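To start, the structure itself, in structure tokens.
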Amino acid sequence: MRYLLFFLLWSGQLAAQSVSKTVITQWEQQAKRVTIIRDNWGIPHVYGKTDADAVFGLMYAQCEDDFKRIESNYIDILGRTAEVSGIKDIYNDLFTKLVIDSAGAIADYKKSPAWLKKLLNAYADGMNYYLYKHPEVKPVLLRRFEPWYPLMWTDGSIAAINTGGVTANEVKNFYTGNNATVAVAAPNAEDIHTGSNGFAIAPARSASGKPLLYINPHVTFYFRPEVHMVSEEGLNAYGAVTWGQFFVYQGFNEHCGWMHTSGYADVADMYAEQVVKQGNVLFYRYEKKLRPVKQQTFTLFYKDGDKMSSQQVTTYSTHHGPVMAKRDGQWISVRAVNRHINGLIQAWQRTKSTNFTAFKKNMQLLSNASNNTVYADDQGNIAYWHGNFIPRRDTSFDWSKPVDGTIKATEWKGMHALDETIHLYNPASGWIQNCNSTPFTSSGSSSPRKTAYPAYMSTEPENFRGINAVKVLTRENKFTVDKLIAAGYDTYLAAFDELVPALARAFKTLQPGDSLYTLLAEPVAMISKWDLHSAENSIATTLAIEWGQRLQVLINQVNAPDFVAKVAVFANTAQPRQLLEPLAVTVHHLNSRFGAWAIPWGTINRYQRLTGQLEETYDDNQPSIPSGFAASTWGCLPSFVSRTMTGTKKRYGYNGNSFICAVEFGTTIKAKSLLAGGNSSDPTSPHFNDQAEMYTKGKFKDVLFYKGDVLRHAEKTYHPGE
């Protein structure tokens, strides 16, 4: 380990940005070709002469709204978090560096086609111009943005890194020599079942005869803002952009729209390697021969008080990929594609697609490794693709586990063609849904058949959101924008379909003299009469959700393939006291927190935004807004994941519905949208919380897509730098 003075290492980063007059002149000239119109919600409508001009303006506008989130995202994707947070994150950084190669990104930038290089340069120029014009903004690390950065992060998903199941903790254990057996931790159920909802409605089920699309990503609040970017080169895209990226990730243009849900098709694989040492040289077996293990040394920097320290780590790789773990005595290498120039090309060109043929051609780039796609267009088409980048593999192997790395049979055999992947084109049912759930219920009786596809194409089980989505889409035949929003805001908690009757049965086993009988008689009666919809004024919602959270430990112990099945088995096999005692704990806990157990859900389930910082703070004594929504874990379509925070008795939302939009396609676009809180992260801005009350009630605003409407609602019009 070596130590460097803090200011010596960071002098280049923290010194004032040195920019030549020539570059400044270029920035100023490009800024003149860009007009940003902020509407009455603070949404930037960016108009540029060229696509590159629109990108320049978009990045400038993003920096105005939340520079710190942009910087944080790139610090993370560059594997430099420890330079800000300290030594605790150096192996998280190593994890990132092993699977996302900066040298590859730089090489891709250099060989980019001219049109893409213009966009990449405009991306960097827009942000660097912002920093030049705003010396009061103090980056924590990145004083200059490089045009190759977007090639490190070619996917806008919140779940954009695939490692086949290997964790950062396993990387740390392997490279620190900790060979203790690592139990791969099961994720928290509330993390598993949060995600996104995407619906598409065909003309036959639309009141107007026009197709509709529902865009409903579930992510951490403020993960994406709402933007509009237009150029004279055919760009006119509206929707949500992930902070720091230059393409509309989930949204629509004049002709079509796209909604991505995080997908869990198996796109990354673990290989069990047989490593031998001969002298001081490491080899691995492959097809009965020995190949040398490749080595690479990383210097990992980390903040160490008022200085910067570094640690060198020598890593290993085989032709499959980096060695990232040790399981059952064998080294585990990972094959994955976590960044690709075609992924960025696909993400950009998608936003300019004008019809189904063009969109499908874009999908044939096969470079979207982490998303499903729900689609609709103005010609009446609806479609769904479950994944996109799907390696072809030998189906005789179980790809959910490490496979034998010593044989050729486990190699990838090219990519599946687009029409070989799980998909739906204009299903007879007239609707499509995906809620991070199985594709085999995505369109009722028109759904793809599971037996027609390899198991590795879909690892997702059914979930309670998917169950509820099928119900709400099946029962309506004449959708409008408002009816589609209403469907997306159905708060039925399908997880309690069997848990509530099981509780009632368990209560009947108690005798009136039992202390549990006295304590639980009223709560059980209230839950038993509940309509299973979460609501602000519902006491039963409070009881059920806080009780359900206490049941999760027991439910997760059930031997069943997925959470829906586990709940069903538990509800029908649990001993009465396994159901009753967690409810008793819930009643006592509510009494201790609030002095009563009969507390309406909205009283304790709150939305609050105080600071706009990366890590928000919460305070029971500060203003907050009640929410009647619940976590999608339980089936609530408008997800609102909440918990008690440090020092609070109430629960506060932090994840779930973020950007929500319903679009009708036709000769003109009709759309409504909603954003968690507001578009700005500045607490002094009128657009910090101007959508908060609407957000908690599901009250949407009209999308201003056409320039005449934008101008009529313009709050500010300017060129970048003004």
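Each Cβ is built from the backbone N, Cα and C atoms, and glycine gets one as well.
Keep in mind that what you see is a predicted model, and the values were worked out from it rather than measured.
Annotated in TrEMBL:
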- 1-16: signal peptide (SIGNAL)
- Ser196: active site, nucleophile (ACT_SITE)
- Asp266, Asp269: Ca(2+) binding site (BINDING)
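In the three-state DSSP assignment, the secondary structure recorded for Asp266 (Ca(2+) binding site) is coil. Its Cβ taken as reference, the residue listed as 'active site, nucleophile' is surrounded by 28 other Cβ atoms within 10 Å in the chains shown.
Sequence-distant contacts of Asp266 (Ca(2+) binding site), defined as residues of its own chain at least six apart whose C-beta falls under 8 angstroms from its C-beta, comprise Gly164, Trp399, Ser400, Tyr456, Met457, Thr459. Taking the Cα atom of each, Ser196 (active site, nucleophile) and Asp269 (Ca(2+) binding site) are about 25 angstrom apart. Cβ environment of Asp269 (Ca(2+) binding site): Gly164, His320, Val334, Arg335, Ala336, Pro391, Arg393, Trp399, Val403, Thr410, Trp412 lie under 8 Å away, each six or more residues apart in the same chain.
Secondary structure at Ser196 (active site, nucleophile), taken from DSSP and collapsed to helix, strand or coil, is strand.
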